[in-house]
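The annotation active site, acyl-thioester intermediate is assigned in Swiss-Prot to Cys126. Swiss-Prot lists Ser11, Gly12, Asn13, Ile14, Ser157, Ala158, Gly159, Pro160, Gly161, Thr162, Arg163, Ala164, Asn165, Asn267 with the feature NAD(+) binding site.
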Amino acid sequence: MQKVKAAIIGSGNIGTDLMYKLRKSEVIDLNAMIGIDVESDGLKRAKEAGYEVFDNGIQAIIDNPSLADIVFDATSAKAHRYHAKTLEELEKIVIDLTPAAYGPFVCPAIRNNNFLDKQNVNMITCGGQATIPIVHAINGVANVTYAEIVATISSLSAGPGTRANIDEFTITTKRGIEEVGGADKGKAIIILNPAEPPILMRDTIYCEVKDMDEVSIYEAIHKMVERVRTYVPGYSLKQEPMFDGNRVTVFLEVEGAGDYFPPYAGNLDIMTAAALKVGEEFATQIISEKKRGVMNEAK
């Protein structure tokens, strides 16, 4: 089957987990892993897996533009702001897994979130990918006036990039809650839990609504959970939604697939699984366009 070439920039936890997911794709051919530390575990694993590896960062794409049509950026918000302009000049489709928010926000569980005509899209944050679908579901039936989310992740699953981006995480997730989730006002908090053994990713979503309808909200939440589970099987409700006046609280748990980090790192898994799904939609579109072009030439 025809595949579209891709590269990953960023050989940390997220980039390495994404590498293992891309290996299974039927429409994306991972061609290279790019980092800046030759001793990083991600570059070592990529080399062992047979991928071309580079330790000179974005320069690898500049020097070898044919490496990839789709570039996944798993570096940092600061680095992506520089990468974005370069990759735009090189006409690469960019899927940004940092909180840079350079391109429009994308959450694959939200079907009216059109993005295939964009060159650069942003995957918001791990907390955003877990919670924004629920905010969106509630808003669709009850009009969310305020939404607050608390994402709790194992400290062991948070690499240096995640730790350096805490401020960007809260700002970008807040924006995503409002712009994609539909809440009039949003707030986001992240907690790194050092507990041993490491805990699974847990998310709490608190919404105040204008039009309380417990039955409709309950059904909307369950439908959205099932939709997210189509690409993140470990995504689940920790308990049934709680209702109190005009307020609804939802408790989620995300267990990772264990592709790179152990299953407690659901925060990595939901981010990379969402990025894979978005990348495959872009790849499918590219393949379809190439087929149409060949057919038109044949005519």
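Placement of Cβ uses the backbone N, Cα and C atoms for every residue, glycine included.
Feature annotations (Swiss-Prot) mapped to structure.
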residue : record                                   : contacts (Cβ under 8 Å, 6+ apart)
Ser11   : NAD(+) binding site                      : Met33, Ile34, Gly35, Asp37, Ser40, Asp41, Gly42, Leu43, Ala46
Asn13   : NAD(+) binding site                      : Ser157, Gly159, Gly161, Thr162, Tyr260, Phe261, Ala265, Leu268
Cys126  : active site, acyl-thioester intermediate : Ala151, Ile153, Met201, Asn267, Leu268, Ile270, Met271
Arg163  : NAD(+) binding site                      : Leu192
Asn165  : NAD(+) binding site                      : Ser76, Ala77, Thr98, Pro99
Secondary-structure category, per DSSP, in which Asn165 (NAD(+) binding site) falls: coil
Mapped DSSP class for Ser157 (NAD(+) binding site), helix or strand or coil: helix
Around the Cβ of Gly161 (NAD(+) binding site), the count of other Cβ atoms that are within 10 Å: 21
Other CB atoms, at most 10 A from the CB of Gly159 (NAD(+) binding site): 18
